[in-house]
Amino acid sequence: MDHVKLVNNPIDIAHIHQLLADEGCGASSVFVGTTRDNFQGKKVVSLAYEAYDNMALKEMKKICSDLRSKWPELKHIVIYHRLGTVPVCEASVVIAASSPHRSEALESVSFAIDQLKTRVPIWKKEIYEGDHDSEWKENKESIRPKKSLSAFNYAACPCKVEESHDVPRTLVQIRVNDAELAKRLECFVNRKRAEINSQNVIDFKSSFADSENDLSDSCARTQSTIIKQEQSNCHLKVRRVNNRCGPQQMELRPNYELELNKLMGSRDGQNDPSKEMRKSLPNSRLQAIESYMGLSTDNEENIFTRIKKVENRMLQLESISPEYRHFTNLEPQSMEPPPPKKIRKKSYSAHELSVFIQKMKDGREMNE
Amino acid sequence: MSTDGPVVNVHVLFFAKARELANSSRSNVDVPTEIVASDLLDQLVSRFGLTTIRDNLILAHNESYIDNLSDSILFKEGDELAIIPPLSGG
């Protein structure tokens, strides 16, 4: 049940508990707002509350229905607010709720007090000790007029005019209402915008275009055509870098080391018949290459090891400075690594496999 | 109140600071049957001497807040209009 009331006498908390009591409820949460005795160093004697009674009750009931839609398990809701003079340290507001479990009761009470401070038309005035003027308070949560730019109150802006009434030449005094002033400002902005636009048109348009015809309907314009670029899905320019050599291509190169080791595996031995060959004519040519590459020559070394060293040297130079290849007269295509081959796995049907196995069996039988 | 079209008589209620400045808690005023909230507020503010708190005032028509001051309000004879300064309940 909802209990909503504006009261002129002290609120009896025990009575609130009676209102909340319910056999099915394991939780009741009670918030009590009490009056403070000080504000900014001033001693508060008492507080005077006033309300727009009918509307306050209406808004309090609205809070109750909001609570019930948010927390349907709530059993009883109490919102009591005191009016008139309230001495310090007495309850000015009590919000309470009971529910089967504590979370609904606690959360709903917290939500309700925030809503009350925001929407319920009740005001309090603090009456201070001594000569301080009493003061109407303002909740920071209070509903306030929405401020939009169009509703800006120019008239409320302070305008300082010197006492001599001698307004400087740089200032212009306008005596119009807000609507007129807003209209004039808008016109001014539009005018400036149009000016900039026309300026842009003049800046970018080439002289041979007929400048008189369509000056008004756009801003910046250039005389240009959009050309679709190669390898591009749109009209934008695309640059594609295709490295023919350099570190990016390393992985596409044949694995020299592996290949060479394979070749050397069988031939490298003490009984190598080609040993004498290695010291003959090709050897001197290799020496020339080695000296050109800045490598030391060792005639006793295996020829393949030496070729490998030369190749490693070339690879190293290539990776340090790819442009050296421009000095060789090789056709670029011939140097390009072949595109990686797509290996298609052949799939066999069960029938094919059984035929294959049968063939093998037959073959074995025949051999036996 | 300066108006051109048809007018109706409504009750205007003042609360808290607005009540003190207007020196009255209640008044009857002729208002146009349709008027933009901010225009109405401006007229009431100048008539009842509420300029100092004008920017913080909100209106309630028949016990409902007018959330947006640029909305139009339609009045009938005997309607209730409340001038609401910032709230301080709780």
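Glycine too: its Cβ is placed from the backbone N, Cα and C atoms.
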>> If I go by TrEMBL, the feature region 'Disordered' sits on one of A:269-288, A:329-348. Which?
In response: A:329-348
> For A:K125 (substrate binding site), which residues in the same chain are close in space, meaning a Cβ under 8 Å from its Cβ, but six or more apart along the sequence?
Replying inline: A:L47, A:A48, A:Y49, A:E50, A:S134, A:E135, A:W136, A:K137
>> Taking each of A:H101, A:R102, A:E126 in turn, which of these binding-site residues have a Cβ less than 8 Å away from a Cβ in chain B?
In response: none
> Which residues, sitting 6 or more apart from A:H101 (substrate binding site) on the same chain, put a CB under 8 Å from its CB?
Replying inline: A:G26, A:A27, A:E73
>> By the count of other Cβ atoms within 10 Å, pick out the sparsest of the binding-site residues A:R102, A:K117.
In response: A:R102
> Near the Cβ of A:E126 (substrate binding site), how many other Cβ atoms are there if near means within 10 Å?
Replying inline: 22
